[in-house]
């Protein structure tokens, strides 16, 4: 069963950006990693560039993250394309694992009005690997949202996609959009920010598992299960949670 972090009215992004001192006490970029899988839902990949290949790459990333005990967080659209039958469900080739977080985002940025930051704090994750659908919208916005909150981001350059865009007589291909977003992600940021890209085959999740932590996988799962219990029954201990 997945732990669902629902939209929170308490989150005010302006509060985090107005005071730069909050960046100093923000997430530890040297800490554990997390993989954000953004918008890989039915309907979202219709017409996207190399959708099948990108989906396979995302699936490979997910498998490797799980093997390395790196948390996988599904950042899904709260309101997916309503015109598509079955829209909103994960793609049939992808499966949410037991205890994995599912964040439902009402906006493009996965952090805005959601509990994503709280989930990452519970997991102790400061470095975020990003992949998913709609490179120029949800993927880019979530990356910028992460950087503005002090996270280190790695955009997996061959694990996100976008459809072609038409504006009057001009057409921009999905491939071009992906390339531009990769270029933006690879640009150097402020000292408190660390944004980079790499292809899937270069991703080494094990590098983000602390050598002095002998039970990182068990701890991450326990944290996720605790967050799930709190989300389902906030403020009330679960008396049935016994061995």
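Using N, Cα and C of the backbone, Cβ positions are placed for all residues, glycine too.
The compositional bias 'Low complexity' annotation in TrEMBL covers 1-10.
According to TrEMBL, the feature region 'Disordered' maps to 1-27 (among others).
The compositional bias 'Acidic residues' annotation in TrEMBL covers 11-22 (among others).
Counting residues per DSSP class in helix, strand and coil order gives 39 helix, 43 strand, 53 coil for the domain 'Isochorismatase-like' (33-167). Annotated domain 'Isochorismatase-like' per TrEMBL: 33-167, in sequence order.
The region 'Disordered' annotation in TrEMBL covers 220-243 (among others).
According to TrEMBL, the compositional bias 'Acidic residues' annotation covers 227-243 (among others).
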* Kindly state the mean pLDDT of the domain 'Isochorismatase-like' (33-167) in the predicted structure. => 93
